[in-house]
Amino acid sequence: MTASAHGSPSQPRVVYLDANATEPLRPQAREALLEAAELEGNPSSVHRAGRMARALLEQARDTVAQAFEVAPLNCIFTSGGTEANVLAMHGLGHGRRFLVGATEHDAVRKGAPAGADVAVLPVEASGQVKLDCLEQALAASDVPAFVCLMLANNETGVLHPVAEAAALCARYGAHLHVDAVQAAGRMVFSVPQSGVGSLAISGHKMGGPKGAGALLLAGPAPARLQPLFEGGGQEQGRRGGTQPLPAIAGLAAALSASLQSPRDLSGLRNTLEEAAQKAGAKVCGAQAPRLGNTSSLILPGRKAQTQLMRLDLAHICVSAGSACSSGKVAYSHVLQAMGFGEQAGEAIRVSLPWNVQEEDIHHFVQAYERMAQSATPALGL
Amino acid sequence: MRILVAMSGGVDSSVVAARLQAEGHEVVGATLQLYDARGAAKKGACCAGQDIRDARAVADRLGFPHYVIDAERRFQDSVIERFADAYAAGETPVPCVACNQGVKFTDLLGLAKEIGADAMATGHYVRRIEGPQGAELHRPVDSERDQSWFLFATTRDQLEYLRFPLGDMPDKAAVRAEAEKYGLLVAGKPDSQDLCFVSDGSYVDLVESMHPEMAGAGEIVDASGNVVGQHEGVMRFTVGQSKRLGNAARLNGERQMVVGVEPASRRVIIGPRAHSFVDTLRVRDVNWLVDAPPEGLSCRVQMRAREVPRPAHIIPTPKGALVQLTEPAMPAPGQACVFYDGTRILGGGFICRTESATAA
């Protein structure tokens with residue numbers, strides 16, 4: 001973390017454990033971002049300045065495509081993860097029925113075109129999709145399906161059995177789209193080896209700047225897809241609008257950095273979880289394979305909102321379920337789908353950033369224990 | 001100390017937050033989201049989307065943490081539904097009392113304690129004075145903005161924990177001037193008025209949508225059940241009112257007024273104004289801010305939001321209190337009857353309907 005984030009001696013140390021909301025900017029991404037911002041050309045221009053910008057854009061495309069083993073022309077840059085997911089659902093899902101995992105992010109849960117036939121795929125108590133239900137749903141109709149499953153869940157870190165799901169989809173002629181926004185950069189993943197049809201990523205969840213994401217397509221290069229908006233025909237006519245080169249260059253640099261020097265955070269995460277469990281917490285999805293940085297902790301009888309406030313006042317940044325634009329804390333649909341009932345409103349998410357330090361875990365545990373030991377609240381909000 | 005300030009986004013609670021911070025307290029701001037900001041929230045009323053934004057801007061400018069608290073479900077259950085149900089039962093409710101009593105001084109106050117705050121402050125115009133027997137609740141200095149009647153249900157425990165820094169302000173201009181001094185952009189923001197949760201003052205539509213049986217025209221009858229006129233909806237009538245009675249406003253040369261409302265049959269019952277006043281009424285859910293003597297006490301009572309208090313004698317009963325008025329009056333069921341000794345609130349309760357009066 002930077003010096004300012006740690007604070008001066010007079011300022012209390014701020015502990016940032018909300019990486020799944022956004023990762024701190026990686027130094028390599030910052031460098032690439034500034035370098036790209038210095039270029040004056042538009043990547044679509046034919047002149048010298050345009051060519052320099054285009055070269056940088058295509059370099060970024062090569063990097064990202066290579067990381068997921070797709071052809072460079074099958075990497076479509078977007079404004080972020082939401083747009084990448086929605087572009088896949090609209091651009092590839094036309095005429096298909098949608099099968100959407102119950103624990104998907106709202107970008108996907110609300111991403112299908114208006115009037116589309118959407119069914120929800122239930123999950124096990126562990127948070128993993130019920131493969132038998134997926135197969136039943138695939139077999140239930142001759143209309144080809146468009147299946148949406150996330151690689152790693154944003155709240156629990158739980159990994160879906162994507163390769164198995166992909167095999168089922170292949171058998172029934174269904175397209176499998178994977179939201180890899182949380183997993184990208186945190187684990188190695190190959191589109192052709194896993195058999196998925198498309199994959200969405202986001203720059204700032206990997207330590208890049210906010211404002212860029214990408215949709216990666218299996219299939220022929222360049223694969224066809226209906227754009228959400230045509231504009232000037234950028235991205236092979238699949239995504240109109242001038243590319244935000246600094247954000248894209250930063251995305252590519254962040255992805256490279258995260259894959260070149262991977263950091264296993266599960267040891268620190270386990271230390272944190274053991275302490276939290278001793279204090280009375282329940283860990284959600286612990287029985288399933290998970291991302292190493294993510295922990296979803298229920299503290300029975302304590303509303304998520306109050307937990308967030310208490311930890312924030314102790315200078316610890318974590319989050320809960322999902323926050324709407326007004327900032328109020330909503331119930332977690334993910335934990336509800338996993339069968340936690342009312343306790344879905346009593347969970348916080350702790351997600352360790354790439355630059356987390358042991359001291360951060362220590363600070364969190366101290367504040368969490370104090371919170372768990374304090375008098376239980378009256379009912380109400 | 002750490003103080004949670006309930007911030008509506010208006011000038012009053014913003015000044016409270018700014019002043020407490022200037023005094024050196026650790027201020028934590030909280031704004032209740034009571035309904036979806038994209039819904040039909042009323043312009044100029046409390047806690048819509050713009051108000052949350054304003055509250056946040058004040059907190060950001062002054063550099064203290066601010067949180068938006070989701071109270072939509074609680075507000076719907078404890079205020080809006082009770083409001084509609086009271087009308088359906090023939091009463092004229094005071095939803096602001098229910099909101100202060102429940103969402104604000106029970107729920108938000110509980111949250112303040114849970115996050116380790118030593119006190120909770122609001123922008124209400126009312127005074128809290130430390131007395132020999134603990135905190136006392138008084139009318140504010142600025143009688144134009146007196147909110148004490150709406151706060152009678154504040155319990156003694158709640159009062160110990162609460163702070164009302166604006167109770168001593170001489171007038172609204174002084175509050176706005178103080179907001180200017182702190183550089184708050186909300187200094188010139190218009191005051192909120194009336195019910196925050198209905199648009200264009202149409203609480204009639206809201207209640208009728210929740211209780212469709214109340215919608216539509218009905219009969220005006222006298223005490224013997226003779227039909228003496230027609231009306232456009234029972235929601236528009238409160239006990240004691242003489243308006244909107246049309247030709248029935250005067251019968252046999254005597255001025256008439258509403259003496260009862262029967263939502264189920266959509267009937268409005270009237271009686272002669274000169275003979276319908278009562279000198280005794282019962283109140284329920286009484287909150288005492290003093291130790292009530294069993295033999296009762298003499299004081300003044302205020303039975304409407306804006307009226308001059310009148311002398312009365314109050315006798316505590318097992319389920320409420322009996323109020324004996326010196327001069328007869330026409331209390332409206334569902335409204336608050338608040339007991340005052342000078343500026344001080346001694347207690348208060350909700351006015352019972354006559355048929356349920358024996359229950360109190």
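Every residue, even glycine, has its Cβ placed from backbone N, Cα and C.
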TODO: According to TrEMBL, B:Ala6, B:Met7, B:Ser8, B:Gly9, B:Gly10, B:Val11, B:Asp12, B:Ser13, B:Leu32 bind ATP; identify which of B:Gly123, B:Gly131, B:Gly134 is listed for that same site.
DONE: B:Gly123
TODO: Find, for the listed recorded positions B:Leu32, B:Cys99, B:Cys196, the residue with the lowest Cβ contact count at a 10 Å cut-off, counting only other Cβ atoms.
DONE: B:Cys196
Task: Site diameter for ATP, Å, by largest Cα distance between B:Ala6, B:Met7, B:Ser8, B:Gly9, B:Gly10, B:Val11, B:Asp12, B:Ser13, B:Leu32, B:Gly123 - done: 16
Open item on the list: Taking only same-chain residues 6+ apart in sequence, whose CB is under 8 Å from that of B:Asp12 (ATP binding site), what do you get?
Closed with: B:Gly123, B:His124, B:Tyr125, B:Leu166, B:Val175
Task: Residue from B:Ala6, B:Gly10, B:Leu32, B:Cys196 whose C-alpha is spatially nearest that of B:Gln335 (site 'Interaction with tRNA'), among the recorded positions - done: B:Cys196
TODO: Would you kindly give the Cα-Cα distance separating B:Cys196 (active site, cysteine persulfide intermediate) and B:Leu32 (ATP binding site), rounded to the nearest Å?
DONE: 12
